[in-house]
């Protein structure tokens, strides 16, 4: 009889899990809409300046000549173009720095909605720069667009990690990376000569930014705010329950509410911590180091160098200059397909194999690419091997290193620590991005094709660190992930309290009543949904 009861209990538990992993309409719509107006625009703005580069430089020269009566010298033109490209990363750094107080005050969802103000303003400035005869408008628009990207690349993963059940948290988190890739691919497609890649049409490439922003601004307000934010930071239990119900597609969300309340009891304090406080917290020391390593490798692993070499390699293989933009679309397509594949298998394979394996494959293909580029003038078929290596490196990056760092940052930290953690991750991300843009031309000039060995070394260092330090976070609660780091951080987590809560509901309910009283007081406060 006892075994039968246990079997029934296990069946009920399994059914509960099955219900939790269902993708509700609200969950799908929130993730797609959030990513379309956020990470999509980040990817789009990475590639959108490539196709019209020649026309934009001509616009700079003509504007300079109309103002001063003489053409701009080559050095000044190169400087202006470098500023136009790299200032996007400076704006991203600003956005990453200011995101913490914004998500604290407005919430995750409303931050994404309000962030569209930056995107629309940037789109108007950049698209009207040709008509106004002001290249300063284009540069200003780029830095404002960077601020938008800096905010969204922190707020979006934060939002997705807090609205998704742990069983599909990785897959949902990969939506960020998938839409970055789709954005890059879209920028390549719209930059074709048949569409907007012409001298008279390039401003439309920047005006198109308004479309995803408006779609997000119209749809996202009708979807719920993060239920964890509502419960732990706004103390609004009723709205948190409604948010869970919509995202999970079921009426009974008591298990999810109890899980979040259990975290608050173990954490004892839901007041947001500052960066300094987070850095001083021993219990998350190795989580912070791991985030810094993964985000640093995300930018420093050499993908930007691959984009730099792509056109030259395609040209060396005998492809006509006029055909190269169309062939380049294959890189965007491979990038997107690899990211989608990662999203489909991440909950089956886990984070560790995809992340470490991705870096490992990049090491192999970087080595082969170095050999093929060095010897390509001696063997006629080596340029084709170089093309294969480029596509393989892009695919290897996107199956793991291209998206999982954002997932891990959302998984490693408790509610009160998450905004500060994303600020640290964003700062490392954008500083590394800027460093690559600043230093790569010198590395390439000094080492030529051997520069890829530098990136192979960075991938090796990152993979080695992750192999020894990174625990598997698949299908684990935030508290269980903290427990996995506890021994390395040399701290003892309060698992007895957690086990006591799970095993003895009577004692737990008494503790919950204390928390509920504060929640009830918050019912009258204005919540964000």
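Glycine is treated like the rest: Cβ placed from N, Cα and C.
Per TrEMBL, the feature compositional bias 'Basic and acidic residues' maps to 520-529.
Taken from TrEMBL, the feature domain 'Major facilitator superfamily (MFS) profile' covers 31-474.
Look at TrEMBL and you will find 501-529 tagged as region 'Disordered'.
Summarising the annotation, TrEMBL assigns transmembrane segment to 21-42 (among others).
Counting residues 6+ beyond its ends, the transmembrane segment (79-100) has Cβ neighbours under 8 Å at 45, 49, 53, 56-57, 60, 72, 111, 118, 135, 138-139, 142-155, 272, 275, 419-420, 422-423, 425-427, 429-431, 433-434, 437-438 in the same chain. Positions annotated as transmembrane segment by TrEMBL: 79-100 (among others).
The transmembrane segment annotation in TrEMBL covers 112-133 (among others).
Feature annotation from TrEMBL assigns transmembrane segment to 139-160 (among others).
The transmembrane segment annotation in TrEMBL covers 172-190 (among others).
Here TrEMBL flags 202-223 (among others) as transmembrane segment.
Summarising the annotation, TrEMBL assigns transmembrane segment to 288-309 (among others). When Cβ-Cβ distances below 8 Å are used as the criterion, the transmembrane segment (288-309) is approached by residues 278-279, 331, 355, 359, 362, 366, 373, 390, 393-394, 397, 401-402, 404-405, 408-409, 412, 421, 424-425, 428-429, 432-433, 435-437, 440, 444, 451-452, 454-456, 458-459, 461-462, 465-466, 469-470 of the same chain, each at least six residues removed from its ends.
Through the fold, the transmembrane segment (324-346) approaches residues 47, 51, 170-171, 174-175, 177-178, 180-182, 184-185, 188-189, 191-193, 197, 307, 310-311, 314-315, 354, 390-391, 394-400, 402-404, 407, 474 of its own chain, all at least 6 residues removed from its boundaries and within a Cβ separation under 8 Å. Per TrEMBL, the feature transmembrane segment maps to 324-346 (among others).
Per TrEMBL, transmembrane segment is recorded for 353-375 (among others). For the transmembrane segment (353-375), same-chain residues at least 6 beyond its ends with a Cβ under 8 Å from one of its own Cβ atoms are 294, 297, 301-302, 309, 313, 342, 345-346, 382-383, 385-386, 389-390, 392-393, 396-402, 404-405, 449-450, 452-453, 455-456, 459-460, 462-463, 466-467, 470.
The annotation transmembrane segment is assigned in TrEMBL to 381-408 (among others).
Sequence annotations record features per position, and here TrEMBL assigns transmembrane segment to 420-441 (among others). Sequence-remote contacts of a segment are chain residues at least 6 beyond its ends whose Cβ falls under 8 Å from one of its Cβ atoms, and for the transmembrane segment (420-441) they are 85-86, 89-90, 92-93, 95-97, 99-100, 150, 153-155, 157-158, 272-275, 277-278, 284, 287-288, 291-292, 295-296, 298-300, 304-305, 308, 405-406, 409-410, 412-413, 451.
For the transmembrane segment (447-470), same-chain residues at least 6 beyond its ends with a Cβ under 8 Å from one of its own Cβ atoms are 286, 289-290, 293-294, 296-297, 300-302, 305, 351-352, 355-356, 359-360, 362-363, 366-367, 369-370, 373-374, 401, 408, 440, 488. Taken from TrEMBL, the feature transmembrane segment applies to 447-470 (among others).
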Task: Test the contact criterion for the transmembrane segment (21-42) and the transmembrane segment (381-408): 3 or more CB pairs under 8 Å, pairs 6 or more apart in sequence, then answer yes or no.
output: no
- line: The recorded stretch from 112-133, 139-160, 381-408 sharing the largest number of CB pairs under 8 A with the transmembrane segment (172-190) is 381-408
Statement: Beyond a gap of at least 6 residues from its ends, the CB atoms lying under 8 Å from the transmembrane segment (112-133) belong to 34, 37-38, 41, 59, 63, 66, 95, 102, 106, 140-142, 144-145, 147-148, 151-152, 155-156, 159, 202-204, 206-210, 212-214, 216-217, 220-221
- prompt: Who are the long-range neighbours of the transmembrane segment (381-408) in its own chain, taking Cβ under 8 Å and residues 6 or more past its ends?
  reply: 153, 157, 161, 169-170, 173-174, 176-178, 180-181, 290-291, 294-295, 297-298, 301-303, 306, 309-310, 313-314, 316-318, 330-331, 334-339, 341-343, 346, 351, 354-359, 361-362, 365-366, 368-369, 372-373, 375, 425, 462, 470, 473
- request: Average the pLDDT scores across the domain 'Major facilitator superfamily (MFS) profile' (31-474) and report the rounded value.
  value: 90
